[in-house]
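Peer 1: Quick paste from TrEMBL:
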type: TRANSMEM; residues: 12-31; note: transmembrane segment
type: DOMAIN; residues: 43-91; note: domain 'NADH-Ubiquinone oxidoreductase (complex I) chain 5 N-terminal'
type: TRANSMEM; residues: 51-76; note: transmembrane segment
type: TRANSMEM; residues: 88-107; note: transmembrane segment
type: DOMAIN; residues: 108-392; note: domain 'NADH:quinone oxidoreductase/Mrp antiporter transmembrane'
type: TRANSMEM; residues: 113-132; note: transmembrane segment
type: TRANSMEM; residues: 153-173; note: transmembrane segment
type: TRANSMEM; residues: 179-196; note: transmembrane segment
type: TRANSMEM; residues: 274-292; note: transmembrane segment
type: TRANSMEM; residues: 298-320; note: transmembrane segment
type: TRANSMEM; residues: 375-401; note: transmembrane segment
type: DOMAIN; residues: 395-575; note: domain 'NADH dehydrogenase subunit 5 C-terminal'
type: TRANSMEM; residues: 421-446; note: transmembrane segment
type: TRANSMEM; residues: 496-516; note: transmembrane segment
type: TRANSMEM; residues: 560-579; note: transmembrane segment
């Protein structure tokens, strides 16, 4: 076991050192406005050369720094969380492979190398989702892999369309060629790829399903890295999103995703699924603000969200670990008495998610909502943004009330306590980052403060929506003995909203049901029907009948011999007559 502990620790120290170095470099690049474009010639054969290109600017370096920071803490956390796993070595290698794929995606200004990183993310995430090797994991893994396949195909088609320009380095053509029809098609395909990876409607169902993976994987892959790859790709292609109808389409879809996930989380009782739906809601927020043209704000929220969402998953993992692998929040209650430190960090992460002033989420979410108020959007989009913000506070407070307050609902004799120092170290480190990360990033990325002039009622609207959402969340979770569940009065509505607008059913049964029925019908009609009747069965019966006739001839019957002799004699006689 010592060797395995060291293996985790070596990865942790190595990754956190690189993360710190990259963050310092990103600050230098940001303050001096530097961009390094590196071309590495791998192979040169006569007139042909294979060149690998890398793009280093403040955005790619900062994102890499955050990915490596969270990866290092997740690996350190896994040291204790997965300690009973015999194959922890393989798990750490899979996580490192995932990080490598993410690095490839971040620093590539070239569609071919982006596809390498993109496909690497999809394949490794499939391996991580099916890690526990049961039927639920396999189903979730297939749904994840096949949903992401659509994005891979879209990216391959974009590569094919890039042949119109003579190079796959898209960064050269974005500004000059953005009004060309070919570049618009490339933009639409990249947008489709980003929507699959970032789980926008209609590809939303794979993200909650992927919660079958181990909790450290959820903290790394399904909160801060894999799902934000689509947002990051669109930030790189943000020039193409402006000035045409695709940005309006993306705004509608991402706004509806945010609304759907927020509603669904209020009807969910699985701890990890609630946090997964909150990730989906925040992805919708990033995508929608990106489609309005504020790519820097989307990137800012992407980074702050990575910090507090990874922390939320780690705290949830610690709770599940102590609850002996139970994830139902109705079984929890009074955890703040048994696990004070974990619950404190959990509450900090929840408040950061809600946009509590001066925590990480506040700086990005408040700025996003104020920019929405300043922008030219219709009432429907305005409603989606603010109602979804209220829903976020609502499900966060509901989660807190269910798990932290009241009495423990599982067993009277329980071993609940704060986990060992290894898991707590990662949790506390991320808590500090979730408190100070937003302000540091805000001062770094927006050197000149934005002047936002709004009337008092609009300025207070965000605060009012949050408070109102919190009160509704309290009322939703205020259950007692002989309490009548109001949701059962509106069962059809609850069923529709709580199952993500039937998205999981539509994207599984809805996709395969009719093709499977058509396959069965064609199998019965053709393979076992006409084809069988006129093909193999007909040949069989005909050959059988012929063999029966031949058998009759070969039974040594004197009559048949004499008859055949007479027939041949007549034929020979006729031939002789015809010849003469």
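Glycine is treated like the rest: Cβ placed from N, Cα and C.
TrEMBL entries are annotated by machine, without manual review.
Help me picture these features in the structure, burial and contacts included.
Peer 2: Here the transmembrane segment (12-31) has long-range neighbours at 56-58, 61-62, 64-66, 68-69, 71-73, 75-76, 79, 99, 444-445, meaning same-chain residues at least 6 beyond its ends whose C-beta is under 8 angstroms from one of its own.
Here the transmembrane segment (51-76) has Cβ contacts under 8 Å with residues 8-9, 11-16, 18-20, 22-23, 25-27, 29-30, 34-42, 92, 95-96, 98-99, 102-103, 106-110, 113, 169, 171, 216, 219-220, 224-225, 232, 235, 299, 302-303, 306-307, 310, 314, 422, 425-426, 429-430, 433 of the same chain, all six or more residues outside its ends.
Outside the transmembrane segment (153-173) by six or more residues, the chain places 53, 55, 109-112, 114-115, 118, 182-183, 185-186, 189-190, 192-193, 196, 236-237 with a CB less than 8 A from a CB of the stretch.
Same-chain residues lying 6+ beyond the ends of the transmembrane segment (179-196) with a Cβ under 8 Å from its Cβ atoms: 118, 147-148, 150-152, 154-155, 157-158, 161-162, 164-165, 170, 173, 203, 230-231, 233-234, 237, 240-241, 243-244, 246, 250, 253, 287.
Distant neighbours of the transmembrane segment (375-401): 251-252, 255-256, 258-259, 262-263, 265-266, 268, 271, 274, 277-278, 281, 284-285, 288, 292, 329, 346-347, 350-351, 353-355, 365, 369, 461-462, 465-470, 472-474, 476-478; these residues of the same chain sit at least 6 beyond its ends, with a Cβ under 8 Å from one of its Cβ atoms.
Per-residue confidence over the domain 'NADH dehydrogenase subunit 5 C-terminal' (395-575) averages out at a pLDDT of 85.
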Peer 1: Take the transmembrane segment (496-516) and find every residue of the same chain, 6 or more past its ends, with a Cβ under 8 Å from one of its Cβ atoms.
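Peer 2: Distant Cβ neighbours of the transmembrane segment (496-516) are 143, 147, 201-206, 208-209, 260-261, 263-264, 267-268, 277.
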Peer 1: Please work out which recorded stretch in 88-107, 113-132, 298-320, 560-579 has the most C-beta pairs separated by under 8 angstroms from the transmembrane segment (274-292)?
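Peer 2: The stretch with the most contacts is 298-320.
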Peer 1: Short question: which residues 6 or more past the ends of the transmembrane segment (421-446) have a Cβ under 8 Å from it?
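Peer 2: For the transmembrane segment (421-446), the nonlocal Cβ contacts are 27, 30, 69-70, 73-74, 76-77, 79-81, 296, 299-300, 303-304, 307-308, 310-311, 314-315, 317-318, 321, 341-342, 344-345, 348-349, 352, 358-364.
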Peer 1: Going along the chain, which residues at least six beyond the ends of the transmembrane segment (88-107) come within the CB cut-off of under 8 Å?
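Peer 2: Those are 4, 7-8, 11, 15, 54-56, 60, 63-64, 67-68, 71, 74-75, 78-79, 82, 113-114, 116-121, 124-125, 127-128, 131, 214, 216-217, 220-221, 225-226, 229, 232-233, in sequence order.
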